[in-house]
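Q: The structure that follows is given in the form of C-alpha coordinates.
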(Lines of atoms letter the chains of each structure in order from A and count residues from 1; the text may use other names and numbers.)
(Lines give C-alpha, C1' and ligand atoms only; values in the text may rest on other atoms or scores of the structure.)
Protein backbone atom coordinates (compact mmCIF):
# COMPACT_ATOMS: atom_id res chain seq x y z
CA UNK A 1 0.00 0.00 0.00
CA UNK A 2 1.74 3.14 -1.20
CA UNK A 3 1.27 6.06 1.16
CA UNK A 4 3.24 8.65 3.07
CA UNK A 5 4.74 8.01 6.48
CA UNK A 6 2.16 10.35 8.00
CA UNK A 7 -0.71 8.56 6.29
CA UNK A 8 0.64 5.16 7.37
CA UNK A 9 0.93 6.33 10.97
CA UNK A 10 -2.69 7.50 11.05
CA UNK A 11 -3.94 4.27 9.47
CA UNK A 12 -1.92 2.17 11.92
CA UNK A 13 -3.18 4.07 14.98
CA UNK A 14 -6.76 3.70 13.79
CA UNK A 15 -6.44 -0.09 13.94
CA UNK A 16 -5.18 -0.53 17.51
CA UNK A 17 -7.40 -2.20 20.14
CA UNK A 18 -6.98 -3.48 23.67
CA UNK A 19 -8.66 -6.39 25.41
CA UNK A 20 -9.02 -6.63 29.19
CA UNK A 21 -11.05 -9.30 30.98
CA UNK A 22 -12.66 -10.21 27.68
CA UNK A 23 -13.76 -6.67 26.83
CA UNK A 24 -12.33 -5.34 23.57
CA UNK A 25 -12.24 -1.61 22.84
CA UNK A 26 -10.51 0.84 20.56
CA UNK A 27 -7.22 2.01 22.08
CA UNK A 28 -6.54 5.31 20.27
CA UNK A 29 -9.45 7.73 20.51
CA UNK A 30 -7.81 10.51 18.52
CA UNK A 31 -4.91 12.92 18.15
CA UNK A 32 -4.38 16.29 19.80
CA UNK A 33 -2.66 18.81 17.54
CA UNK A 34 -1.08 22.21 17.63
CA UNK A 35 0.03 22.52 14.04
CA UNK A 36 3.25 24.24 13.07
CA UNK A 37 5.44 24.12 10.01
CA UNK A 38 7.08 20.91 11.24
CA UNK A 39 3.87 18.85 11.32
CA UNK A 40 1.02 20.54 9.44
CA UNK A 41 1.90 19.54 5.87
CA UNK A 42 3.03 16.02 6.78
CA UNK A 43 1.02 14.37 9.54
CA UNK A 44 -1.47 17.22 9.21
CA UNK A 45 -2.15 16.31 5.59
CA UNK A 46 -2.75 12.71 6.59
CA UNK A 47 -5.25 13.69 9.27
CA UNK A 48 -7.07 15.92 6.81
CA UNK A 49 -7.13 13.37 3.98
CA UNK A 50 -8.35 10.38 5.98
CA UNK A 51 -8.36 10.36 9.79
CA UNK A 52 -10.43 7.18 9.86
CA UNK A 53 -12.27 6.99 13.17
CA UNK A 54 -9.66 9.10 14.95
CA UNK A 55 -10.93 12.39 16.35
CA UNK A 56 -8.74 15.42 15.74
CA UNK A 57 -8.51 17.71 18.78
CA UNK A 58 -7.06 21.22 18.80
CA UNK A 59 -4.94 22.10 21.81
CA UNK A 60 -3.95 25.55 23.03
CA UNK A 61 -0.66 24.74 24.74
CA UNK A 62 1.38 21.64 24.01
CA UNK A 63 1.97 20.80 27.66
CA UNK A 64 -1.69 21.44 28.38
CA UNK A 65 -3.02 19.19 25.64
CA UNK A 66 -0.63 16.41 26.70
CA UNK A 67 -1.97 16.71 30.26
CA UNK A 68 -5.48 16.37 28.83
CA UNK A 69 -4.36 13.16 27.14
CA UNK A 70 -2.68 11.84 30.29
CA UNK A 71 -5.80 12.43 32.36
CA UNK A 72 -7.97 10.86 29.66
CA UNK A 73 -5.85 7.70 29.81
CA UNK A 74 -5.79 7.69 33.61
CA UNK A 75 -9.57 8.07 33.89
CA UNK A 76 -9.92 5.21 31.39
CA UNK A 77 -7.67 3.10 33.63
CA UNK A 78 -4.96 3.12 30.95
CA UNK A 79 -7.06 1.35 28.33
CA UNK A 80 -7.66 4.28 25.97
CA UNK A 81 -5.40 7.11 24.83
CA UNK A 82 -5.33 10.33 22.82
CA UNK A 83 -2.03 10.84 20.98
CA UNK A 84 -0.40 14.29 20.85
CA UNK A 85 1.38 15.87 17.88
CA UNK A 86 3.38 19.08 17.81
CA UNK A 87 5.71 21.03 15.59
CA UNK A 88 9.50 21.03 15.97
CA UNK A 89 11.45 22.97 18.59
CA UNK A 90 9.42 24.88 21.20
CA UNK A 91 6.22 23.00 20.48
CA UNK A 92 7.96 19.71 21.12
CA UNK A 93 9.85 21.03 24.15
CA UNK A 94 6.58 22.09 25.71
CA UNK A 95 5.56 18.42 25.92
CA UNK A 96 8.65 17.27 27.84
CA UNK A 97 7.12 18.16 31.22
CA UNK A 98 3.93 16.32 30.34
CA UNK A 99 5.95 13.29 29.25
CA UNK A 100 7.65 13.20 32.65
CA UNK A 101 4.28 13.52 34.37
CA UNK A 102 2.88 10.54 32.49
CA UNK A 103 5.97 8.40 33.01
CA UNK A 104 6.22 9.01 36.75
CA UNK A 105 2.55 8.09 37.12
CA UNK A 106 2.80 5.03 34.82
CA UNK A 107 0.18 6.43 32.44
CA UNK A 108 0.35 5.75 28.67
CA UNK A 109 0.97 8.88 26.60
CA UNK A 110 1.92 8.80 22.91
CA UNK A 111 3.81 11.88 21.72
CA UNK A 112 4.42 12.58 18.03
CA UNK A 113 6.62 15.69 17.82
CA UNK A 114 7.80 16.99 14.48
CA UNK A 115 11.56 17.01 13.99
CA UNK A 116 14.32 18.52 11.86
CA UNK A 117 14.91 17.27 8.31
CA UNK A 118 16.39 13.77 8.10
CA UNK A 119 18.24 14.84 4.93
CA UNK A 120 19.64 17.95 6.68
CA UNK A 121 19.31 19.77 3.32
CA UNK A 122 17.81 23.00 4.71
CA UNK A 123 19.76 22.97 8.02
CA UNK A 124 19.37 24.90 10.18
CA UNK A 125 15.63 24.81 9.69
CA UNK A 126 13.43 27.22 11.62
CA UNK A 127 13.31 26.26 15.34
CA UNK A 128 16.15 23.73 14.99
CA UNK A 129 18.71 23.26 17.77
CA UNK A 130 22.28 23.11 16.45
CA UNK A 131 25.03 21.45 18.47
CA UNK A 132 28.52 21.67 17.00
CA UNK A 133 29.61 18.39 18.57
CA UNK A 134 26.67 16.34 17.21
CA UNK A 135 24.48 17.37 14.29
CA UNK A 136 22.11 14.50 15.05
CA UNK A 137 20.85 16.08 18.27
CA UNK A 138 17.50 17.85 18.14
CA UNK A 139 15.06 19.19 20.70
CA UNK A 140 13.39 15.79 20.75
CA UNK A 141 16.42 14.19 22.37
CA UNK A 142 15.18 15.92 25.53
CA UNK A 143 12.39 13.34 25.68
CA UNK A 144 14.81 10.44 26.25
CA UNK A 145 15.13 10.76 30.05
CA UNK A 146 11.38 11.12 30.58
CA UNK A 147 9.98 8.46 28.23
CA UNK A 148 9.66 4.69 28.52
CA UNK A 149 10.29 4.29 24.78
CA UNK A 150 11.87 6.72 22.30
CA UNK A 151 12.47 6.50 18.57
CA UNK A 152 13.12 8.74 15.57
CA UNK A 153 11.77 7.84 12.13
CA UNK A 154 14.60 8.73 9.73
CA UNK A 155 13.25 6.47 6.97
CA UNK A 156 9.61 5.56 6.25
CA UNK A 157 10.18 1.83 6.75
CA UNK A 158 11.40 2.47 10.30
CA UNK A 159 7.85 3.44 11.25
CA UNK A 160 6.75 -0.18 11.39
CA UNK A 161 9.09 -1.53 14.07
CA UNK A 162 8.90 1.78 15.95
CA UNK A 163 5.11 1.75 16.25
CA UNK A 164 4.93 -1.93 17.17
CA UNK A 165 7.35 -1.25 20.02
CA UNK A 166 5.45 1.90 20.97
CA UNK A 167 2.27 -0.14 21.36
CA UNK A 168 4.14 -2.80 23.32
CA UNK A 169 5.11 -0.22 25.93
CA UNK A 170 1.86 1.74 25.96
CA UNK A 171 -0.20 -1.38 26.66
CA UNK A 172 2.14 -3.01 29.20
CA UNK A 173 0.97 -2.33 32.80
CA UNK A 174 4.50 -2.88 34.12
CA UNK A 175 6.30 -0.63 31.64
CA UNK A 176 3.79 1.95 30.48
CA UNK A 177 4.47 5.68 30.47
CA UNK A 178 5.28 8.28 27.86
CA UNK A 179 6.37 7.16 24.39
CA UNK A 180 8.00 9.59 21.96
CA UNK A 181 8.11 8.91 18.23
CA UNK A 182 9.99 11.82 16.65
CA UNK A 183 8.89 12.57 13.08
CA UNK A 184 11.37 14.44 10.85
CA UNK A 185 9.24 16.74 8.75
CA UNK A 186 10.54 15.53 5.38
CA UNK A 187 10.04 11.86 6.30
CA UNK A 188 6.41 12.54 7.25
CA UNK A 189 5.69 13.30 3.60
CA UNK A 190 7.83 10.56 2.04
CA UNK A 191 5.89 7.84 0.21
CA UNK A 192 6.66 4.15 0.69
CA UNK A 193 5.08 0.81 -0.20
CA UNK A 194 3.96 -0.35 3.24
CA UNK A 195 2.88 -4.01 3.52
CA UNK A 196 -0.83 -4.44 4.06
CA UNK A 197 -0.29 -6.64 7.11
CA UNK A 198 1.15 -3.65 8.99
CA UNK A 199 -2.36 -2.17 9.04
CA UNK A 200 -4.25 -5.22 10.20
CA UNK A 201 -6.40 -4.91 13.31
CA UNK A 202 -4.17 -5.49 16.33
CA UNK A 203 -5.65 -6.45 19.69
CA UNK A 204 -3.24 -5.90 22.56
CA UNK A 205 -4.29 -8.16 25.42
CA UNK A 206 -3.77 -6.71 28.89
CA UNK A 207 -3.42 -9.89 30.89
CA UNK A 208 -3.47 -10.73 34.59
CA UNK A 209 -0.13 -12.45 35.24
CA UNK A 210 -0.01 -14.62 38.37
CA UNK A 211 3.16 -14.64 40.44
CA UNK A 212 5.18 -17.84 40.77
CA UNK A 213 4.18 -20.20 43.58
CA UNK A 214 7.44 -19.72 45.50
CA UNK A 215 6.68 -16.02 45.96
CA UNK A 216 3.28 -16.82 47.46
CA UNK A 217 4.72 -19.46 49.78
CA UNK A 218 7.41 -17.13 51.09
CA UNK A 219 4.81 -14.39 51.64
CA UNK A 220 2.61 -16.88 53.49
CA UNK A 221 5.45 -17.75 55.87
CA UNK A 222 5.99 -14.06 56.64
CA UNK A 223 2.32 -13.20 57.17
CA UNK A 224 1.62 -16.17 59.44
CA UNK A 225 4.13 -14.77 61.93
CA UNK A 226 2.70 -11.25 61.93
CA UNK A 227 -0.01 -9.89 64.21
CA UNK A 228 -0.60 -6.30 63.07
CA UNK A 229 -0.29 -5.99 59.31
CA UNK A 230 -1.55 -3.06 57.25
CA UNK A 231 -2.35 -2.84 53.56
CA UNK A 232 -1.32 0.11 51.40
CA UNK A 233 -3.72 0.48 48.48
CA UNK A 234 -1.87 2.05 45.54
CA UNK A 235 -2.74 3.05 42.00
CA UNK A 236 -2.20 -0.50 40.80
CA UNK A 237 -5.36 -1.51 42.64
CA UNK A 238 -7.30 1.03 40.61
CA UNK A 239 -5.86 0.06 37.23
CA UNK A 240 -6.25 -3.66 37.94
CA UNK A 241 -9.82 -3.04 39.14
CA UNK A 242 -8.87 -5.01 42.22
CA UNK A 243 -10.74 -2.94 44.81
CA UNK A 244 -13.36 -5.56 45.63
CA UNK A 245 -10.76 -8.31 45.87
CA UNK A 246 -8.67 -6.19 48.21
CA UNK A 247 -11.67 -5.46 50.45
CA UNK A 248 -12.54 -9.17 50.59
CA UNK A 249 -8.95 -9.92 51.58
CA UNK A 250 -8.93 -7.25 54.30
CA UNK A 251 -12.30 -8.33 55.71
CA UNK A 252 -11.31 -11.99 55.83
CA UNK A 253 -8.27 -11.33 58.01
CA UNK A 254 -9.26 -8.03 59.71
CA UNK A 255 -6.43 -6.01 58.16
CA UNK A 256 -6.76 -2.20 57.90
CA UNK A 257 -6.27 -0.49 54.54
CA UNK A 258 -4.47 2.80 53.95
CA UNK A 259 -4.60 4.71 50.67
CA UNK A 260 -2.04 6.46 48.50
CA UNK A 261 -3.08 9.40 46.35
CA UNK A 262 -3.26 7.15 43.28
CA UNK A 263 -5.15 4.42 45.15
CA UNK A 264 -7.84 6.63 46.65
CA UNK A 265 -11.38 5.80 45.43
CA UNK A 266 -10.39 2.26 44.45
CA UNK A 267 -12.32 1.21 47.58
CA UNK A 268 -15.07 2.94 49.54
CA UNK A 269 -14.03 5.61 52.03
CA UNK A 270 -16.84 4.48 54.32
CA UNK A 271 -15.55 0.93 54.69
CA UNK A 272 -14.79 0.18 58.37
CA UNK A 273 -11.28 -1.04 57.51
CA UNK A 274 -10.38 1.93 55.30
CA UNK A 275 -8.24 4.29 57.37
CA UNK A 276 -7.76 6.77 54.50
CA UNK A 277 -4.63 8.52 53.30
CA UNK A 278 -1.23 7.48 54.67
CA UNK A 279 2.10 9.26 54.99
CA UNK A 280 3.17 12.89 54.76
CA UNK A 281 -0.23 13.95 53.43
CA UNK A 282 -1.99 11.19 55.31
CA UNK A 283 -4.41 11.46 58.19
CA UNK A 284 -4.20 10.74 61.90
CA UNK A 285 -5.88 7.32 61.76
CA UNK A 286 -3.69 5.76 59.07
CA UNK A 287 -0.45 7.11 60.48
CA UNK A 288 -1.32 6.00 64.03
CA UNK A 289 -1.87 2.41 62.94
CA UNK A 290 1.10 2.41 60.53
CA UNK A 291 3.47 3.38 63.31
CA UNK A 292 2.97 0.06 65.14
CA UNK A 293 2.45 -2.23 62.14
CA UNK A 294 4.69 -5.30 62.03
CA UNK A 295 3.96 -5.94 58.35
CA UNK A 296 3.24 -3.59 55.44
CA UNK A 297 1.56 -5.16 52.42
CA UNK A 298 1.93 -2.70 49.55
CA UNK A 299 -0.45 -3.43 46.68
CA UNK A 300 0.24 -1.55 43.46
CA UNK A 301 2.30 1.19 45.13
CA UNK A 302 5.67 2.78 44.32
CA UNK A 303 6.39 3.49 48.01
CA UNK A 304 7.08 7.18 47.34
CA UNK A 305 8.53 9.41 50.04
CA UNK A 306 5.08 10.83 50.75
CA UNK A 307 3.66 7.35 51.29
CA UNK A 308 6.46 6.15 53.59
CA UNK A 309 7.14 9.52 55.25
CA UNK A 310 10.62 9.39 53.77
CA UNK A 311 10.92 5.81 55.07
CA UNK A 312 10.38 6.86 58.69
CA UNK A 313 6.68 6.11 59.20
CA UNK A 314 6.89 2.44 60.13
CA UNK A 315 8.53 2.48 63.56
CA UNK A 316 8.04 -1.12 64.69
CA UNK A 317 11.56 -2.67 64.74
CA UNK A 318 10.05 -5.97 63.59
CA UNK A 319 8.31 -4.51 60.54
CA UNK A 320 8.61 -6.38 57.25
CA UNK A 321 7.34 -5.52 53.78
CA UNK A 322 5.50 -7.50 51.13
CA UNK A 323 4.71 -5.99 47.75
CA UNK A 324 2.17 -7.11 45.20
CA UNK A 325 3.09 -5.34 41.99
CA UNK A 326 3.07 -6.04 38.28
CA UNK A 327 6.42 -4.23 38.09
CA UNK A 328 9.51 -5.97 39.42
CA UNK A 329 11.25 -2.59 39.66
CA UNK A 330 8.68 -1.22 42.09
CA UNK A 331 8.18 -4.59 43.77
CA UNK A 332 11.73 -4.74 45.09
CA UNK A 333 11.61 -1.45 47.00
CA UNK A 334 11.98 -1.32 50.80
CA UNK A 335 13.72 -4.74 50.71
CA UNK A 336 10.23 -6.13 50.33
CA UNK A 337 9.38 -9.73 49.65
CA UNK A 338 7.90 -9.36 46.20
CA UNK A 339 4.87 -10.97 44.59
CA UNK A 340 5.19 -9.96 40.95
CA UNK A 341 1.90 -10.11 39.12
CA UNK A 342 -1.53 -8.57 38.68
CA UNK A 343 -2.99 -7.13 41.88
CA UNK A 344 -6.40 -8.79 41.64
CA UNK A 345 -5.42 -12.39 40.92
CA UNK A 346 -2.42 -12.29 43.26
CA UNK A 347 -4.50 -10.99 46.17
CA UNK A 348 -7.11 -13.69 45.51
CA UNK A 349 -4.44 -16.40 45.46
CA UNK A 350 -2.82 -15.12 48.65
CA UNK A 351 -6.21 -14.98 50.35
CA UNK A 352 -6.92 -18.62 49.53
CA UNK A 353 -3.58 -19.69 51.00
CA UNK A 354 -4.09 -17.68 54.20
CA UNK A 355 -7.62 -19.04 54.61
CA UNK A 356 -6.28 -22.57 54.35
CA UNK A 357 -3.90 -21.76 57.19
CA UNK A 358 -6.58 -20.01 59.34
CA UNK A 359 -4.73 -16.69 59.54
CA UNK A 360 -6.21 -13.74 61.41
CA UNK A 361 -4.67 -10.51 62.63
CA UNK A 362 -4.67 -9.64 66.33
CA UNK A 363 -6.30 -6.20 66.09
CA UNK A 364 -8.94 -5.55 68.72
CA UNK A 365 -10.29 -2.01 69.02
CA UNK A 366 -7.28 -0.13 67.58
CA UNK A 367 -8.84 0.35 64.14
CA UNK A 368 -12.17 1.58 65.51
CA UNK A 369 -10.44 3.96 67.92
CA UNK A 370 -8.17 5.37 65.22
CA UNK A 371 -11.10 6.04 62.90
CA UNK A 372 -13.06 7.61 65.75
CA UNK A 373 -10.19 9.98 66.54
CA UNK A 374 -9.94 11.01 62.90
CA UNK A 375 -13.70 11.51 62.64
CA UNK A 376 -13.52 13.97 65.53
CA UNK A 377 -10.63 15.78 63.87
CA UNK A 378 -12.56 15.93 60.60
CA UNK A 379 -15.47 17.52 62.41
CA UNK A 380 -13.13 20.14 63.82
CA UNK A 381 -11.49 20.85 60.45
CA UNK A 382 -14.74 21.34 58.56
CA UNK A 383 -16.08 23.72 61.19
CA UNK A 384 -13.14 26.13 61.46
CA UNK A 385 -14.50 29.62 60.94
CA UNK A 386 -12.87 33.03 60.76
CA UNK A 387 -14.43 34.51 63.89
CA UNK A 388 -13.40 35.67 67.35
CA UNK A 389 -12.28 32.13 68.22
CA UNK A 390 -10.29 31.63 65.02
CA UNK A 391 -6.91 29.96 65.23
CA UNK A 392 -4.97 29.20 62.05
CA UNK A 393 -4.07 25.56 61.39
CA UNK A 394 -0.62 26.70 60.25
CA UNK A 395 0.83 29.17 62.71
CA UNK A 396 1.62 32.33 60.70
CA UNK A 397 5.25 33.42 60.81
CA UNK A 398 4.42 36.75 59.18
CA UNK A 399 2.33 38.78 61.60
CA UNK A 400 -0.97 40.01 60.21
CA UNK A 401 -0.82 38.12 56.90
CA UNK A 402 -4.26 36.55 57.35
CA UNK A 403 -5.90 39.84 58.28
CA UNK A 404 -4.14 41.54 55.36
CA UNK A 405 -5.59 39.01 52.93
CA UNK A 406 -9.09 39.26 54.37
CA UNK A 407 -9.14 43.05 54.25
CA UNK A 408 -7.81 43.10 50.68
CA UNK A 409 -10.10 40.44 49.19
CA UNK A 410 -13.03 40.29 51.59
CA UNK A 411 -12.37 36.57 51.90
CA UNK A 412 -13.61 34.91 55.10
CA UNK A 413 -13.35 31.24 54.08
CA UNK A 414 -11.02 28.69 55.64
CA UNK A 415 -9.75 26.05 53.23
CA UNK A 416 -10.78 23.03 55.30
CA UNK A 417 -14.31 24.37 55.79
CA UNK A 418 -14.55 25.05 52.06
CA UNK A 419 -13.71 21.41 51.31
CA UNK A 420 -16.42 20.31 53.72
CA UNK A 421 -19.03 22.42 51.93
CA UNK A 422 -17.87 21.22 48.51
CA UNK A 423 -18.06 17.57 49.52
CA UNK A 424 -21.58 17.87 50.90
CA UNK A 425 -22.83 19.87 47.90
CA UNK A 426 -21.50 18.30 44.71
CA UNK A 427 -22.79 14.99 43.33
CA UNK A 428 -21.64 11.78 44.99
CA UNK A 429 -20.24 10.48 41.71
CA UNK A 430 -18.50 13.72 40.73
CA UNK A 431 -14.82 13.43 39.84
CA UNK A 432 -12.35 15.71 41.62
CA UNK A 433 -8.99 16.43 40.00
CA UNK A 434 -5.85 17.78 41.65
CA UNK A 435 -2.07 17.79 41.46
CA UNK A 436 -0.13 20.44 43.35
CA UNK A 437 -0.06 22.85 46.26
CA UNK A 438 -1.74 22.37 49.62
CA UNK A 439 -4.91 20.90 48.13
CA UNK A 440 -3.54 17.36 47.52
CA UNK A 441 -2.74 17.08 51.23
CA UNK A 442 -6.13 18.35 52.31
CA UNK A 443 -7.89 16.13 49.80
CA UNK A 444 -6.00 12.95 50.67
CA UNK A 445 -6.82 13.53 54.33
CA UNK A 446 -10.34 14.92 54.10
CA UNK A 447 -11.99 13.82 50.85
CA UNK A 448 -14.35 10.89 51.18
CA UNK A 449 -16.06 9.03 48.37
CA UNK A 450 -17.74 5.68 47.90
CA UNK A 451 -17.80 5.97 44.10
CA UNK A 452 -15.03 4.16 42.27
CA UNK A 453 -12.51 6.22 40.28
CA UNK A 454 -14.00 9.53 41.43
CA UNK A 455 -10.71 10.79 42.91
CA UNK A 456 -8.18 11.77 40.24
CA UNK A 457 -4.92 12.99 41.76
CA UNK A 458 -1.61 13.38 39.94
CA UNK A 459 0.84 13.23 42.83
CA UNK A 460 3.74 11.38 41.26
CA UNK A 461 5.16 14.45 39.50
CA UNK A 462 2.82 16.87 41.29
CA UNK A 463 2.87 19.00 38.17
CA UNK A 464 1.53 22.51 38.59
CA UNK A 465 -0.77 23.24 35.68
CA UNK A 466 -2.02 19.68 35.35
CA UNK A 467 -5.31 20.35 37.09
CA UNK A 468 -7.46 22.24 34.58
CA UNK A 469 -6.18 20.36 31.54
CA UNK A 470 -6.69 17.08 33.38
CA UNK A 471 -10.23 18.05 34.29
CA UNK A 472 -10.99 18.25 30.59
CA UNK A 473 -9.26 14.89 30.06
CA UNK A 474 -11.39 13.27 32.74
CA UNK A 475 -14.52 14.85 31.25
CA UNK A 476 -13.68 13.52 27.78
CA UNK A 477 -13.31 10.08 29.37
CA UNK A 478 -16.56 10.29 31.36
CA UNK A 479 -18.79 12.95 29.76
CA UNK A 480 -21.86 12.05 31.85
CA UNK A 481 -20.20 12.90 35.18
CA UNK A 482 -19.50 16.32 36.65
CA UNK A 483 -15.76 16.96 36.94
CA UNK A 484 -14.18 19.51 39.29
CA UNK A 485 -10.69 20.97 39.13
CA UNK A 486 -9.30 21.58 42.62
CA UNK A 487 -6.67 24.17 41.78
CA UNK A 488 -4.78 26.86 43.65
CA UNK A 489 -4.07 30.29 42.26
CA UNK A 490 -0.42 29.32 41.74
CA UNK A 491 -1.24 26.34 39.52
CA UNK A 492 -3.96 28.27 37.72
CA UNK A 493 -1.49 30.98 36.75
CA UNK A 494 0.98 28.33 35.63
CA UNK A 495 -1.35 26.84 33.00
CA UNK A 496 -5.04 27.20 32.24
CA UNK A 497 -5.08 27.38 28.44
CA UNK A 498 -7.20 24.27 27.95
CA UNK A 499 -10.21 26.06 29.39
CA UNK A 500 -10.61 27.29 25.82
CA UNK A 501 -10.38 23.74 24.48
CA UNK A 502 -13.13 22.71 26.91
CA UNK A 503 -15.30 25.52 25.55
CA UNK A 504 -14.49 24.47 21.98
CA UNK A 505 -15.39 20.84 22.65
CA UNK A 506 -18.51 21.93 24.55
CA UNK A 507 -17.49 19.75 27.47
CA UNK A 508 -18.51 21.30 30.75
CA UNK A 509 -15.79 21.41 33.39
CA UNK A 510 -15.95 23.07 36.81
CA UNK A 511 -12.94 24.95 38.14
CA UNK A 512 -12.79 25.51 41.89
CA UNK A 513 -10.00 28.06 42.21
CA UNK A 514 -8.62 28.45 45.74
CA UNK A 515 -6.99 31.88 45.83
CA UNK A 516 -4.73 32.65 48.81
CA UNK A 517 -2.40 35.05 46.99
CA UNK A 518 0.61 32.80 46.78
CA UNK A 519 2.29 29.43 46.69
CA UNK A 520 0.81 28.62 50.08
CA UNK A 521 2.22 25.17 50.83
CA UNK A 522 5.75 26.12 49.78
CA UNK A 523 5.51 29.25 51.90
CA UNK A 524 4.65 26.95 54.81
CA UNK A 525 7.61 24.68 54.05
CA UNK A 526 9.93 27.63 53.67
CA UNK A 527 8.95 29.33 56.90
CA UNK A 528 8.61 26.17 58.99
CA UNK A 529 12.28 25.51 58.29
CA UNK A 530 13.43 28.85 59.63
CA UNK A 531 13.52 30.87 56.42
CA UNK A 532 11.58 34.10 56.03
CA UNK A 533 8.97 34.52 53.33
CA UNK A 534 10.78 34.97 50.02
CA UNK A 535 9.02 34.88 46.63
CA UNK A 536 6.31 32.46 47.77
CA UNK A 537 3.60 35.07 48.34
CA UNK A 538 2.29 37.16 45.46
CA UNK A 539 3.46 40.60 46.55
CA UNK A 540 4.46 43.82 44.81
CA UNK A 541 8.09 44.87 44.86
CA UNK A 542 8.47 47.54 47.57
CA UNK A 543 10.46 50.77 47.72
CA UNK A 544 13.48 48.84 49.02
CA UNK A 545 13.56 46.64 45.94
CA UNK A 546 12.29 43.56 47.76
CA UNK A 547 9.18 41.45 47.16
CA UNK A 548 7.76 42.69 50.46
CA UNK A 549 5.02 45.03 49.25
CA UNK A 550 1.29 44.52 49.47
CA UNK A 551 -0.47 41.42 48.19
CA UNK A 552 -1.47 41.46 44.51
CA UNK A 553 -5.25 41.06 44.14
CA UNK A 554 -6.53 39.22 41.06
CA UNK A 555 -10.14 38.93 39.97
CA UNK A 556 -9.97 35.42 38.52
CA UNK A 557 -13.71 35.30 37.93
CA UNK A 558 -13.50 38.35 35.71
CA UNK A 559 -10.64 36.86 33.70
CA UNK A 560 -12.44 33.54 33.15
CA UNK A 561 -15.67 35.25 32.14
CA UNK A 562 -13.78 36.67 29.18
CA UNK A 563 -13.21 33.11 27.98
CA UNK A 564 -16.95 32.49 28.13
CA UNK A 565 -17.17 30.55 31.39
CA UNK A 566 -19.96 31.09 33.89
CA UNK A 567 -18.12 32.55 36.86
CA UNK A 568 -18.67 33.24 40.53
CA UNK A 569 -16.66 35.17 43.10
CA UNK A 570 -17.23 33.86 46.61
CA UNK A 571 -15.97 35.15 49.94
CA UNK A 572 -18.17 33.32 52.44
CA UNK A 573 -19.24 29.70 52.91
CA UNK A 574 -22.84 30.63 52.15
CA UNK A 575 -21.79 32.18 48.84
CA UNK A 576 -19.71 29.09 48.05
CA UNK A 577 -22.63 26.73 48.59
CA UNK A 578 -24.92 28.92 46.51
CA UNK A 579 -22.38 29.04 43.68
CA UNK A 580 -21.87 25.27 43.74
CA UNK A 581 -25.61 24.66 43.52
CA UNK A 582 -25.99 27.08 40.64
CA UNK A 583 -22.95 25.69 38.81
CA UNK A 584 -24.58 22.26 38.75
CA UNK A 585 -27.43 23.75 36.70
CA UNK A 586 -25.15 25.25 34.05
CA UNK A 587 -24.50 23.76 30.61
CA UNK A 588 -21.23 25.63 30.07
CA UNK A 589 -17.97 25.39 31.99
CA UNK A 590 -17.84 27.21 35.30
CA UNK A 591 -15.22 28.81 37.52
CA UNK A 592 -15.71 29.63 41.18
CA UNK A 593 -13.11 32.09 42.49
CA UNK A 594 -12.84 31.13 46.18
CA UNK A 595 -10.97 33.61 48.35
CA UNK A 596 -9.52 31.28 51.00
CA UNK A 597 -7.58 32.56 53.98
CA UNK A 598 -3.85 31.74 54.05
CA UNK A 599 -2.64 29.22 56.65
CA UNK A 600 -6.01 27.44 56.84
CA UNK A 601 -4.94 24.22 55.16
CA UNK A 602 -4.22 21.05 57.13
CA UNK A 603 -0.82 20.26 58.62
CA UNK A 604 0.91 16.90 58.99
CA UNK A 605 -0.18 14.11 61.32
CA UNK A 606 2.74 12.29 62.95
CA UNK A 607 4.72 12.24 59.70
CA UNK A 608 8.10 13.61 58.67
CA UNK A 609 9.29 14.68 55.24
CA UNK A 610 12.96 14.70 54.30
CA UNK A 611 13.91 17.93 52.50
CA UNK A 612 17.38 19.34 51.83
CA UNK A 613 17.77 21.85 54.64
CA UNK A 614 20.94 23.98 54.74
CA UNK A 615 23.60 22.39 56.95
CA UNK A 616 25.14 25.75 57.78
CA UNK A 617 23.31 29.03 58.24
CA UNK A 618 23.42 32.32 60.11
CA UNK A 619 19.70 31.88 60.82
CA UNK A 620 18.95 30.13 64.12
CA UNK A 621 15.67 28.73 62.84
CA UNK A 622 17.41 27.06 59.91
CA UNK A 623 20.02 25.50 62.18
CA UNK A 624 17.30 24.11 64.45
CA UNK A 625 15.46 22.72 61.45
CA UNK A 626 18.66 21.04 60.27
CA UNK A 627 19.18 19.44 63.68
CA UNK A 628 15.61 18.15 63.61
CA UNK A 629 16.16 16.75 60.13
CA UNK A 630 19.28 14.90 61.24
CA UNK A 631 17.43 13.47 64.23
CA UNK A 632 14.58 12.16 62.08
CA UNK A 633 16.98 10.83 59.47
CA UNK A 634 18.68 8.63 62.04
CA UNK A 635 15.34 6.94 62.72
CA UNK A 636 14.56 6.36 59.03
CA UNK A 637 15.53 3.49 56.75
CA UNK A 638 18.54 4.26 54.59
CA UNK A 639 16.95 2.90 51.43
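Cβ from N, Cα, C; glycine included.
The thiamine diphosphate binding site annotation in Swiss-Prot covers 62. According to Swiss-Prot, the feature region 'Thiamine pyrophosphate binding' maps to 438-518. Positions annotated as Mg(2+) binding site by Swiss-Prot: 489, 516.
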Q: Across all chains shown, how many C-beta atoms besides its own are within 10 angstroms of the C-beta of residue 516 (Mg(2+) binding site)?
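A: The Cβ of residue 516 (Mg(2+) binding site) has 31 Cβ neighbours within 10 Å.
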Q: Roughly how many Å separate the Cα of residue 516 (Mg(2+) binding site) from that of the residue listed as 'thiamine diphosphate binding site', to the nearest whole number?
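A: The separation of the Cα atoms works out to 28 Å.
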Q: Once near-sequence residues are set aside, which residues in the chain of residue 489 (Mg(2+) binding site), 6 or more away, have Cβ atoms under 8 Å from its Cβ?
A: 513, 514, 515, 516, 517, 518, 538, 554, 556
Q: Provide the three-state secondary structure of residue 489 (Mg(2+) binding site) computed with DSSP.
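A: DSSP assigns residue 489 (Mg(2+) binding site) to helix.
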Q: Using a Cβ cut-off under 8 Å and a sequence separation of 6 or more, which residues in the same chain sit near residue 62 (thiamine diphosphate binding site)?
A: 34, 84, 86, 91, 92, 94, 95, 98
Q: Where does residue 62 (thiamine diphosphate binding site) sit by DSSP, helix, strand or coil?
A: helix
Q: Restricting attention to the region 'Thiamine pyrophosphate binding' (438-518), give the mean pLDDT.
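A: Averaged over the region 'Thiamine pyrophosphate binding' (438-518), per-residue pLDDT gives 99.
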